[in-house]
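One structure below.
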There are 2 protein chains.
Amino acid sequence: MPVELRAGDAGFAEAFDRLINDKRETSHDVNAVVAEILEAVRRDGDAAVLAYTKRFDRLDLTAETLRVTADEVEAAYAACDPDLLDVLELAASRIRAYHERQLPESFHYTDDAGVRLGSRWRAVQAAGLYVPGGTAAYPSSVLMNTLPAKVAGVQRLVMCVPTPDGKLNPLVLAAAKIAGVDEIYRIGGAQAVAAMAYGTATIAPVDKIVGPGNAFVAAAKRQVFGTVGIDSIAGPSEILVVADGANDPTWIAADLLSQAEHDTASQSILITTDAAFGKAVMQAVETLLETLPRAEIARKSWADHGAVVVVDSLDAAVPLVDQVAPEHLELAVDDPEPLAEKITNAGAIFLGRHTPEAIGDYVGGPNHVLPTARSARFSSGLGVVDFMKRTSLLGCDARSLAGIGPAAVKLADAEGLQAHGLSVSLRLGKPGE
Amino acid sequence: MPVELRAGDAGFAEAFDRLINDKRETSHDVNAVVAEILEAVRRDGDAAVLAYTKRFDRLDLTAETLRVTADEVEAAYAACDPDLLDVLELAASRIRAYHERQLPESFHYTDDAGVRLGSRWRAVQAAGLYVPGGTAAYPSSVLMNTLPAKVAGVQRLVMCVPTPDGKLNPLVLAAAKIAGVDEIYRIGGAQAVAAMAYGTATIAPVDKIVGPGNAFVAAAKRQVFGTVGIDSIAGPSEILVVADGANDPTWIAADLLSQAEHDTASQSILITTDAAFGKAVMQAVETLLETLPRAEIARKSWADHGAVVVVDSLDAAVPLVDQVAPEHLELAVDDPEPLAEKITNAGAIFLGRHTPEAIGDYVGGPNHVLPTARSARFSSGLGVVDFMKRTSLLGCDARSLAGIGPAAVKLADAEGLQAHGLSVSLRLGKPGE
């Protein structure tokens, strides 16, 4: 059964701390196996990728058939339910519109000292998206991971998706087509990450790799980090709902279950000002679980990690929310904006009684790749800047160097870095000072 | 001796690739020792921090003397050369002015579908700066690491600096005072990183840890990543100078040596259109090495990792620069801006003959914490956003949910996530659809 807590009760702080810091993930140490796969791909390129694909996906490919052809993509697209294609197009256009507002601005100016200064944003040259195979191959994730890269201006966008026994969800290919993915390879696991990071004869390397994956993929991403950039390693999903007593308990129960159904390690927490409402939500969860297809997963998540916390006021919820720093935060109250304003740590905030988190998973516009495991304290959802990098620009002429140069020489000397000082003082016409 | 290459020669591509991909760092596997230290601090708090400080820094502290007092900071400041304090103030004001332009903008809008959308930036609540002890305790690094946090609006800024045998560079404390650091602790190594990440009775935990350090500090930062945010792990310094034949060879030689003097693992490369000029620079390097205090380090770096590459034209340098993705790029030519525009990958670009890289290390304004080891392909120098995080906001009312909700239900069902769909359809008044 989920935990029931009341803020202010004896032992509450410890119990709440335990609730949110419980390690929910089972960690599999696959580092050694993954290191071996990465090394093999680095050394043997395509041959290693093909061998691992045969072994893990039972799929006999050649360098020529690694890549999904344009015809296959078209055929998959044509085979999709047209209504679903419309939905993907709607989602894509809303995601694109939101992310276009994230484009950072470069700036250039000359300051009072006559120094030219600038900051210039550019897209990374090539990015790779990992898409898990099987049940976790979500077309919505393809859109969420690729569209920020397209908006950023990434010129070459690669996707790897394993097709165990040759099976591939046509909606995933349709989403890739809609998003504008340039190359798709039917490979997965650590070998796919290695191919994108190091490159092979068939697959040119990329500069950044994003996307969710199993323990092998996560370990591979950690290990290639540095050779390429990576996004954060996603943990199990979380939702925190702050609700007063004026909500329909069934609506809120469905919201809690929408994260619980992802994974038995997911966490759903309700903070409410109304103890009776909290009980009603718990009851509604049980009722919904009776008919939910993924009830087994959701029930375990809710029982192991779920919680209902009763607080005296909405304001009393604020420090608890900041402590959790939830991936998803719903504010199911009449006037959510002032409450949102008081909260510092959350990946995404869903405002009001008519904004279930699932809207943001699909068609809201903001990204659904969000910081988990309390990392919203210091990190952000996936965005356009994750596919860009910033270069600083600095320009002096003889006059402006004469103005600020002597200070640099003094500080360089104080730090014992004489060549630093010399590179400035020579240009000031006073070598060796 | 440094490598001499000519673009277009047989074997050039391989030789250049070898040059820039040579692993320059010696890696020390200190992960096991560090894991032990982290665990001890997590378990025993202050007691463990004090024990390690006694062992590694030969310093007998108590929980009460861990923190550097305000009086000590004032005394250190008063003991500094007033000229150097002026220089630090100048540097701080220029760094502050530049970084203020980096503050990202939040946005809020309502789209045609009636959906409220937003993106909100907030500073992390607390940040910690690690400052190495001994010779690598650079006051300029204190400014570069703390001022972006202050500009971001970080409310609590902590600094840890080891004081082996009780010794501490007063300029480091002066820089901390000028930057506005709130708390300073005289501890270092993995134990300092652990104290900032997990907190102890004396040191409250932070959300983000930045700053350079030795192998133990780097390993500790990697291991606490997830519990807190970290900056990138800095590799050895690099400079790439693109110069035509119209420069003073001694100026360029000093620039190359200004990185070479950092570390024997540093890398300095000159790309020039003028072979004779390249020879003259190599000669000037030898001459400068005769009198340079850190000649031993610089000579080894230049001999082991230095290079002079001759190209036919400045344009021919562009793809080589992008391949290197240098931390520091100098464009020592008459009209550097158009050339800079052609280059995609560089941490910082220094424009023209009168902008030695060292200006940017101290008083230019942009940050000197920059991506190394080719990571400028996908990452950026330290900036204000590194101390902030973004929250997305989404708000529907009944009407706008009726507009975009059905699409979400369709996609949720297609992905087999029925609770997701249910959380929307219940609110549409059509449960179970």
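Each residue, glycine too, has its Cβ placed from N, Cα and C.
According to TrEMBL, the protein has these features:
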- A:Y130, A:Q191, A:N214: NAD(+) binding site (BINDING)
- A:S237, A:Q259, A:H262, A:H328, A:D361, A:E415, A:H420: substrate binding site (BINDING)
- A:Q259, A:H262, A:D361, A:H420: Zn(2+) binding site (BINDING)
- A:E327: active site, proton acceptor (ACT_SITE)
- A:H328: active site, proton acceptor (ACT_SITE)
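Taking the Cα atom of each, A:H328 (substrate binding site) and A:Y130 (NAD(+) binding site) are about 23 angstrom apart.
Residues A:Y130, A:Q191, A:N214 are the ones the record ties to NAD(+), and the longest Cα gap between any two of them is 13 Å. In three-state terms derived from DSSP, A:N214 (NAD(+) binding site) belongs to neither a helical nor a strand segment and is classed as coil. Remark: of the binding-site residues A:H262, A:H328, A:H420, the most isolated position is A:H262 (fewest other Cβ atoms within 10 Å of its Cβ). In space, A:D361 is the closest of the recorded positions A:E327, A:D361, A:E415 to A:Y130 (NAD(+) binding site), judged by Cα positions. Compute the center of the Cβ atoms of A:Y130, A:Q191, A:N214, which mark the site for NAD(+); besides them, the chain residues with Cβ within 8 Å of that center are A:P132, A:C160, A:P162, A:G188, A:G189, A:A190, A:A192, A:V193, A:G213, A:F216, A:V217, A:A220. With the fewest other C-beta atoms within 10 Å around its C-beta, A:N214 stands out among the binding-site residues A:Q191, A:N214, A:S237, A:Q259.
Within the set of recorded positions (A:E327, A:D361, A:E415), the lowest number of other Cβ atoms found within 10 Å of a Cβ is recorded at A:E415. Between the CA atoms of A:H420 (substrate binding site) and A:Q191 (NAD(+) binding site) there is a gap of 44 Å, rounded to the nearest whole number. Among the recorded positions A:Q191, A:N214, A:E327, the ones whose Cα sits within 10 Å of the Cα of A:S237 (substrate binding site) are A:E327, in sequence order. The full span of the recorded substrate binding residues, A:S237, A:Q259, A:H262, A:H328, A:D361, A:E415, A:H420, taken as their largest Cα to Cα distance, is 55 Å. When the CA atoms are compared, no recorded positions among the candidates A:Q259, A:H262, A:E327, A:D361, A:E415 lie within 10 A of A:N214 (NAD(+) binding site). Counted within 10 Å of its Cβ, the other Cβ atoms near A:Y130 (NAD(+) binding site) come to 28, all protein chains included. By a Cβ separation below 8 angstroms, chain B lies close to these of the recorded positions A:N214, A:S237, A:E327, A:D361, A:E415, A:H420: A:D361, A:E415, A:H420. Take the Cα of A:Q191 (NAD(+) binding site) and measure to each of the binding-site residues A:Q259, A:H262, A:D361: the nearest one is A:H262. If you measure from the Cα atom of A:Q259 (substrate binding site) to that of A:E327 (active site, proton acceptor), you get 11 Å. The CA atom of A:H262 (substrate binding site) is located 14 Å away from the CA atom of A:E327 (active site, proton acceptor). In this structure the alpha carbons, written CA, of A:D361 (substrate binding site) and A:E327 (active site, proton acceptor) are 12 Å apart.
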